[in-house]
Amino acid sequence: MAPNIRKSHPLLKIINNSLIDLPAPSNISAWWNFGSLLAVCLTTQILTGLLLAMHYTADTSLAFSSVAHTCRNVQYGWLIRNLHANGASFFFICIFLHIGRGLYYGSYLYKETWNTGVILLLTLMATAFVGYVLPWGQMSFWGATVITNLFSAIPYIGQTLVEWAWGGFSVDNPTLTRFFALHFLLPFVITGITITHLMFLHESGSNNPLGISSNSDKIPFHPYYSLKDILGLALMLTPFLTLALFSPNLLGDPENFTPANPLVTPPHIKPEWYFLFAYAILRSIPNKLGGVLALAASVLILLLIPFLHKSKQRTMTFRPLSQALFWLLVANLLILTWVGSQPVEHPFIIIGQMASLSYFTILLILFPAIGTLENKMLNY
């Protein structure tokens, strides 16, 4: 019998073993769709971004008008820009749900996969931040000024570090140029880390909702999960296209329709919605260095999750107390997101402080404590 080229060709067999004949657990739910959706998001962002870069000028005097020109005069430029801007939002929706799935089902016990995932999240956040600066509107400029300024809180080297990042004594032309270079480069870095992430995942195989070994019952990825992923894609594409075509500016800030002006500070400087939870934690501490440390900890805490797992069961499927705590954490993050969008005044200050405190308490203290309690209740 002639050898199957899909299984014998040096390149095709890698694709085959990753996407076609990959043995997958027979019971993974729709929560396992988000990995492939993230891959689609990344591909879409790279393609639309490449097309936008062809019409963009990374210069303070031309950036704003070059974006306006793209939307007005380039064939389907408005569509490409709207897809790119809202694609970022959907990228973050998918990654948050993907991380939530990992937390709920104990996927973090695959430590290498989890750690590369956290690095991916950090790189994505960096990419989104530098990208938001490129249209050179008011919120772009002041967002860049405020967030880069946080590095000045680092003792001794802070101020030097900030001026080195800016390429001068304020956010100006050199800053915009390097941010464009970084925004172009980072998605390809993300692609590289994604391949590493997948490589680590395929060493162990996927986890499943029961958290038990699925070696006794595997099915091929194609056609079962390839089809299921296409369904998930269709379900994500519907709200994505609805948003991008009907209300493309819904999630943006109206302030960014005004060209950047270093002499006028916007009344409320706030980042895009997907950073608001971290921004709320930053603002809740009335000290610059403390706030910066809390901001970093709010994301880096994910690296500690595998070490805080005290339960004898991997997933939360059969652990109602941990489930209640998990959904409390979700509600807490929604409150932080909302508070981050509000002005710094009573009662938002105290709400933000309480929500920030409970965020760290739930993750660092309550999850391990409840896990241990459940072990005792189940006589493990």
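If you go along the chain as it appears here, the first residue is 1 and each next one adds 1.
Any Cβ shown, glycine's included, is placed from N, Cα and C.
Computed from a predicted structure; not experimentally measured.
What Swiss-Prot records for His84, His183 is heme b b562 binding site, and it gives similarity to another entry as the kind of evidence. Taken from Swiss-Prot, the feature heme b b566 binding site covers His98, His197, and the record attributes it to similarity to another entry. Marked as ubiquinone binding site by Swiss-Prot: His202. The feature transmembrane segment is assigned by Swiss-Prot to 34-54, 78-99, 114-134, 179-199, 227-247, 289-309, 321-341, 348-368, with similarity to another entry given as support.
Structure with Swiss-Prot features highlighted.
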| residue | record | Cβ neighbours (10 Å) |
| --- | --- | --- |
| His84 | heme b b562 binding site | 20 |
| His98 | heme b b566 binding site | 20 |
| His183 | heme b b562 binding site | 22 |
| His197 | heme b b566 binding site | 21 |
| His202 | ubiquinone binding site | 14 |
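Here His183 (heme b b562 binding site) is compared against the binding-site residues His98, His197, His202, and the shortest C-alpha distance is to His197. If you take the Cα of the residue listed as 'ubiquinone binding site' and the Cα of His98 (heme b b566 binding site), they are about 17 angstrom apart, rounded to a whole number. Long-range contacts of the transmembrane segment (348-368) within the same chain, counting only residues at least 6 positions beyond its ends with a Cβ under 8 Å from a Cβ of the stretch, are 280-281, 283-285, 294, 297-298, 301, 304-305, 308-310, 322, 325, 328-329, 332-333, 335-336, 339-340, 342. Here the CA atom of His98 (heme b b566 binding site) lies 21 Å from the CA atom of His84 (heme b b562 binding site). Within its own chain, the transmembrane segment (179-199) has Cβ neighbours under 8 Å at 18, 38-39, 42, 45-46, 49, 53, 56, 58, 113, 116-117, 119-120, 123-124, 126-127, 130-131, 133-134, 144, counting only residues six or more beyond its boundaries. Residues 70, 80-81, 83-84, 87-88, 90-91, 94-95, 97-98, 101, 183-184, 187-188, 190-191, 194, 229, 232-233, 236 of the same chain lie 6 or more positions beyond the ends of the transmembrane segment (34-54) yet place their CB under 8 Å from a CB of it.
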